[in-house]
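> Got a structure for you, written out below as structure tokens; questions coming shortly.
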Amino acid sequence: FFPVMRCLWKGLGKRSSGGSIVRTFTPFHFLVEPMDILSVRGASVIMNCSAYCETPPKIEWKKDGTLLNLVSDDRRQLLPDGSLLINSVVHSKHNKPDEGYYQCVATVESLGTIVSRTAKLMVAGLPRFTSQPESSSVYKGNSAILNCEVNVDLAPFVRWEQDRQPVFLDDRVFKLPSGALIISNATDTDGGLYRCIIESGGTPKYSDEAELKILPDPEEPQNLVFARQPSSLTKVTGQSVVFPCVAVGFPTPYVRWTRNEEELTTEGFLFLAGGSLVISEVTEEDVGMYTCIADNGNETIEAQAELAVQVPPEFLKRPANIYAHESMDIVFECEVTGKPTPTVKWVKNGDMVIPSDYFKIVKEHNLQVLGLVKSDEGFYQCIAENDVGNAQAGAQLIILDLATTGPLPSAPRDVVATLVSTRFIRLTWRTPVSDPQGDNLTYSIFYTKEGINRERVENTSRPGETQVMIQNLMPETVYVFRVVAQNKHGPGESSAPLKVATQPEVQLPGPAPNIRAYANSPTSVTVTWETPLSGNGEIQNYKLYYMEKGQDSEQDVDVAGLSYTINGLKKYTEYSFRVVAYNKHGPGVSTQDVVVRTLSDVPSAPPQNLTLEVRNSKSIMLHWQPPPAGTHSGQITGYKIRYRKVSRKSDVTESIGGTQLFQLIEGLERGTEYSFRVAALTVNGTGPATDWISAETFESDLDETRVPEVPSSLHVRPLVTSIVVSWTPPENQNIVVRGYAIGYGIGSPHAQTIKVDYKQRYYTIENLDPSSHYVITLKAFNNVGEGIPLYESAVTRPHSGKDTSEVDLFVINAPYTPVPDPSPMMPPVGVQASILSHDTIRITWADNSLPKNQKITDARYYTVRWKTNIPANTKYKTANATTLSYLVTGLKPNTLYEFSVMVTKGRRSSTWSMTAHGTTFELVPTSPPKDVTVVSKEGKPRTIIVNWQPPSEANGKITGYIIYYSTDVNAEIHDWVIEPVVGNRLTHQIQELTLDTPYYFKIQARNSKGMGPMSEAVQFRTPKGEVSHIAKYLPCFLNAIPIGISSNSPHGSPTSPLDSNMLLVIIVSVGVITIVIVVIVAVFCTRRTTSHQKKKRAACKSVNGSHKYKGNSKDVKPPDLWIHHERLELKPIDKSPDPNPIMTDTPIPRNSQDITPVDNSMDSNIHQSILPSGHESEDSMSTLAGRRGMRPKMMMPFDSQPPQRKSAAHLPAVLDLGAPKQTMLMLYAQAQTFTYSLPTCADHQDPESTTGAYLANAQEEDSAQNLPTAHVRPSHPLKSFAVPAVPPAGSTYDPALPSTPLLTQQAPNHPVHSVKTASIGTLGRTRPPMPVVVPSAPDVQETTRMLEDSESVGTLTLPAASFGSAYQNGESLCV
């Protein structure tokens, strides 16, 4: 926003009600203000500026606060629009006349002046290289870095050449702000000679040439390392940020980024090839800790950098234009924000406003003007400034003149001071002679200090009032008062001046003005102030109070002058200061606090807890913690690592890393002992280093893919209160051993655990009970885990009163035996983990070395470490605490963590405490199932198999999956068909799809907390195929004619020796015959149905139900089950835990929205219970041949069946259809059989038996809409069941793939049917359902045996071919 000023219009406006002439405001503002510019020596620069007013303003320029004389300047000139042109910028090491701060000044005569924001002109220095490119090589596909470091002001003028040709930059080849060139995904064309050029005016400066070689992929994996890591940055809003992150290794690494441990997406961020991160136009929301994570499948490394964002000043409230009269008090309001917090100053007509008695800064940034005079008129500007910018906004003040339009009152009479105090005076007066009543008069009281021309005014609060209280006066001061009466025509004559002196006051000094504080050094601050305006007597001395921010104890020092320097402060610490003046009466009013931070310095303490971990024969990993709080002395910018061979102490190598708390040192020699030390860095330099700590690389690269073997020996020596444990390492020296874990306890070795270094060969267990039986275990461990334990037991000696502290210790095979600390600290006890949420656990513990009240009074601190064992090589994370609890955040959901605590006091530390374990709560899956694939089942074009993998972020045990599929990818999700799958299955088959149709599949996982996100839709088109229309007539046709085609294929393989021409002849012949036979059969079946119904009604009237059919079954035709087979609900009764399943009414859902989620415990039952009509569960198929008696049952609604008599089922002539599959007739003939257990009429004496009876004839049944209905296939392109699908050739069920039918969808105009199904846990009981066995088609001999068995159990066994007949009231319509 450009500040809007107002230009005074020279005409007259309307008159106000008070008689004053109102002048209007017209615009006077800057159209363009100068901006910061970076230029080069010898170039021309234009500082833009343009101001607008009806009267053209005069433009001038200031440089560094001084007006420029442009008339006699031959290099600088003013352009017509007001901009400043600087020709041929001059810049040298000792002469920089053009660099500085410029400000545009616009003036309108007799009106006022406004000033623009200040703009900085920077001139780039002489072209110099701080580092030049060096020859290097890179593996193909990796990233290369070519350094060309220059000063920041020269970086925009750097360009690169390859083989003397310009390098074109993109997201693969890009230049860092420092000038360095990064080449990602290197190819053969990237090889060549590179050099960088600085073109900052004048002759270009070239760097040395460096050759980049592109190497082929190595055969062996290469260690993953950072070639360039990101560094912490501070940027201004609107600027761009580049975080370089270049990792090299083989396989080629993949780089991802997190901010504050949250994964970054492409929204708002640009990921360059190779892994570098670009943030364009940063905002305050981008502040945080950024982590670059490189992973190549073999190892993962990460680096961190912090982004801080500064904000230029912005106005929240701008000053407003003000009309006022003389002697009034006004306030210009100005509210600003920015980071760092901006400072505010006020300018009037281009000149700085100096605070005084009449110009005051109130409420931080507002300007108050007291007792206005005519000369106060003009333009006032609020100028806000911080380290990264400045801005200005202003307003105009107009002092209105008074005019009369009628008779005015005379002067008030007898003005007297009736009450005079030290700081207030009460005045009274009498009404003017011209208006003795004075009821409509108001009064203005003007007053000023004697000798001061600026008057202030106080008005009476209501008309007719003749007294006023003037407050906030100075003691012992002479004031001049006069009173003016005012009526509707305006103010009248003034009374004679009245001089009144306030009373002297034994008064304390006022606050010292203009207190300022600035840091001189990391440990000193200078504070300055001025003499209080209300001294009230001679100031004897001052007292300066100061306090560290965040503390509650204030210190003070006596000062005689107006400034003081305080030494001995903490480095890089904020302090607050205030000053109190003293006179002979005592302390005066305190100033406001001013806050300043001491300067930074090198850290005053070394990093903490440096540990070494030998990775292999050539590398050692270092871990450490920052220096203690309060010793950083500034912002830690990195760490310096120094290391050397122990044998050659003079040869020291340095390595400087970022702010991460770990570093992998590589390229070391095998079997060599190295010493390491770490120091922290700030911008001021390097702090003290840690003590040297040594570690020896392995002689050879040992195996760490498995846990160590058992230690070769374990010896214990008991004493009175301690046991000396000694051991020898495992015999297999080829496996890495990183330490030993010693567990011990009375009767159990799991009470306490102590871990020691891998070099240690003995340990003394202290603080034991005398005469106690201890069990001790020893395990070697590495990063994979702990090995097999070795056990020993020992009984401590009885307490004899003798001093047994001396121990004659023997050690076996231990050339390196460090002596343990004679007085180690006791580890914390009672470690407990309290789970708070899915990512937070609170750790608490007790410290037996503290008093009973557990109050910490010394400088000890606790280190908490934690890790999870998944994956096995997870590293410990640690944090320090100064209380007896710690809140661990950022954990993974549903993950078991182990925690332990140690205490440190000075240089003494305890061992790690016993471990506590805690598993975070589950969370809904936050990622969908992955790797979703859809394939067609071989030999079954209408069946597909869906495969997937569990979600990457399951966040708990997956209890189930839901497969959604549809032919319309854009359909609402509730219109998709769903298939539930149990959580332990990762594959599923869906049957009876429409051929040559595209389908879309999505999968959703769930756990105990709910459903996760859906996967992306996967498209699959079912294969093309032809279905013979003869299949429509097969059900009745196969009952009427025998077919006797056989094949040599024992399993019905589609490969047949029958010639294809013969097949065509057979199909055509059979088709012609079929049309004739179908008509005859239909008439015949209809007549038989009527006679069978009459026979059944008569049979069911028998009360004792004693009809039994033995032997001859030829007179009884088997009931055919095709017509209403779709109303059968299939339930597995073999797996029901209740021997008497309960029948409940269950409405069939119309679509996926009607499906109620089921409990996880029912998943397996649901999965096995929902079967497609006419097909068998695959679990039963796998064992069917050997276990005929274990077939799963189809639960058929019992109450919906009519009373039936027991009948021995009679099969028609059995067709030899086990093998041939040459025609669709043969295919269908090999369908499976259904076995129905038919109850006797005696079983139907219950009155309920009549409630669900089937209607007597087909017409009645077709009209019935509320019959119990099982899985009704929808007429939907997903699955068509108008004609039952003919099983494809070679169809055998794969028992590994579960099959679940399409959930029922009803036609919209039909009511929802109720189905009585067997449900576990429902209330109420009815008779058990009729079991329906679904085996595969038996051969002739099996069918005969099954018929014989059915005579005794009332079971009806049918071949699937009989499903072509209509089933009505349990009778066959087709024979």
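We count from 1, first residue shown onward.
Positions of Cβ are set from backbone N, Cα and C atoms, glycine also.
What TrEMBL shows for this protein is this:
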| type | residues | note |
| --- | --- | --- |
| DOMAIN | 27-120 | domain 'Ig-like' |
| DOMAIN | 127-213 | domain 'Ig-like' |
| DOMAIN | 221-308 | domain 'Ig-like' |
| DOMAIN | 313-398 | domain 'Ig-like' |
| DOMAIN | 411-505 | domain 'Fibronectin type-III' |
| DOMAIN | 511-601 | domain 'Fibronectin type-III' |
| DOMAIN | 606-700 | domain 'Fibronectin type-III' |
| DOMAIN | 710-800 | domain 'Fibronectin type-III' |
| DOMAIN | 827-923 | domain 'Fibronectin type-III' |
| DOMAIN | 928-1025 | domain 'Fibronectin type-III' |
| TRANSMEM | 1062-1086 | transmembrane segment |
| REGION | 1096-1118 | region 'Disordered' |
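Show me how these features fit into the shown structure, please.
When pLDDT values are averaged over the domain 'Ig-like' (127-213), the model yields 83.
Remark: secondary structure over the domain 'Fibronectin type-III' (411-505) totals 0 helix, 49 strand, 46 coil, with classes taken from DSSP.
Remark: secondary structure over the domain 'Fibronectin type-III' (511-601) totals 0 helix, 44 strand, 47 coil, with classes taken from DSSP.
Residue counts for the domain 'Fibronectin type-III' (606-700) under DSSP (helix as H, G, I; strand as E, B; rest coil) come to 0 helix, 54 strand, 41 coil.
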> Select the range from 27-120, 127-213, 411-505 that forms the most Cβ-Cβ pairs under 8 Å with the domain 'Ig-like' (313-398).
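By the under-8 Å Cβ criterion, the domain 'Ig-like' (313-398) pairs most with 27-120.
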> Counting each residue once, how many in the domain 'Ig-like' (313-398) are helix, strand and coil under DSSP?
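Summed over the domain 'Ig-like' (313-398), the classes give 3 helix, 51 strand, 32 coil.
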> Sort out for me which stretch, of 127-213, 221-308, 710-800, 827-923, 928-1025, has the most Cβ pairs below 8 angstroms to the domain 'Fibronectin type-III' (606-700).
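Between the candidates 127-213, 221-308, 710-800, 827-923, 928-1025, the best contact partner of the domain 'Fibronectin type-III' (606-700) is 221-308.
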> So, by DSSP, how many helix, strand and coil residues make up the domain 'Fibronectin type-III' (928-1025)?
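With helix first, then strand, then coil, the domain 'Fibronectin type-III' (928-1025) has 3 helix, 55 strand, 40 coil.
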> Taking DSSP states H, G and I as helix and E and B as strand, how many residues of the domain 'Ig-like' (27-120) are helix, strand and coil?
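For that range the per-state counts are 0 helix, 48 strand, 46 coil.
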